[in-house]
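The active site annotation in Swiss-Prot covers D7, E68, D141. Per Swiss-Prot, the feature Mg(2+) 1 binding site maps to D7, D141. Summarising the annotation, Swiss-Prot assigns Mg(2+) 2 binding site to E68 and lists sequence analysis as the type of evidence.
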Amino acid sequence: MRVLGVDPGLTRCGFGVVDGGNGRTVTPVAVDVVRTPADLELSSRLLRISEAAESWIDLHRPEVVAIERVFAQHNVRTAMGTAQAGGVVALAAARRGIPVCFHTPSEVKAAVTGSGSADKAQVTAMVTRILKLAAAPRPADAADALALAICHCWRAPMIERMARAEAAAAEQKRRYQARLAEVKKAGTR
């Protein structure tokens, strides 16, 4: 499975592609960070990120895009910009019919380090080790993008099993409710 991991941000947006194999085998394909100047209008910055996402998707042809979920930050403005950057990447993937999955920072940290509270240095060190890289990806946004892709490769089978279980439970509930309605209807005759 080829996964494009994206660490969204207005100033620096990390992109990382890995190929996931059997078990926990992952192979690095590409990594980079797209930068946008703070003095540009927001719309221009988002356009640059969107164009970069489209280019990465067209070049690397991922089966899925994994984006960091923004849920809380102390600086509301930063959180909004990060969410907007993630949104334009999700839109670029959706336009190409590519599924998008969101992972929280703690999910990503736990997947690659074993601890949901790991710091950036620990995440970078483990990404370097897992992917057998000669040097650590820099800046941290690049390592985070690769970590997101790794996380998704490792969590995808579980996510798929959960989706199948939820679908089966919903079908079972539908059948039960239909049978219950039949019994009630028969009892009122």
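Indices start at 1 and increase along the chain as displayed.
Placement of Cβ uses the backbone N, Cα and C atoms for every residue, glycine included.
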Any same-chain residues 6+ apart from E68 (active site) with CB under 8 Å of its CB? Would you list them in sequence order, or say none?
V6, D7, P8, G86, F102, H103, T104, P105, V108, D144, L148
Chain-internal residues near D141 (active site), provided their CB is under 8 angstroms and they sit 6+ positions away:
D7, G9, R12, C13, G14, V33
Number of Cβ atoms other than its own within 10 Å, given for D7 (active site):
28
DSSP secondary structure for D7 (active site), reduced to helix/strand/coil, please.
strand
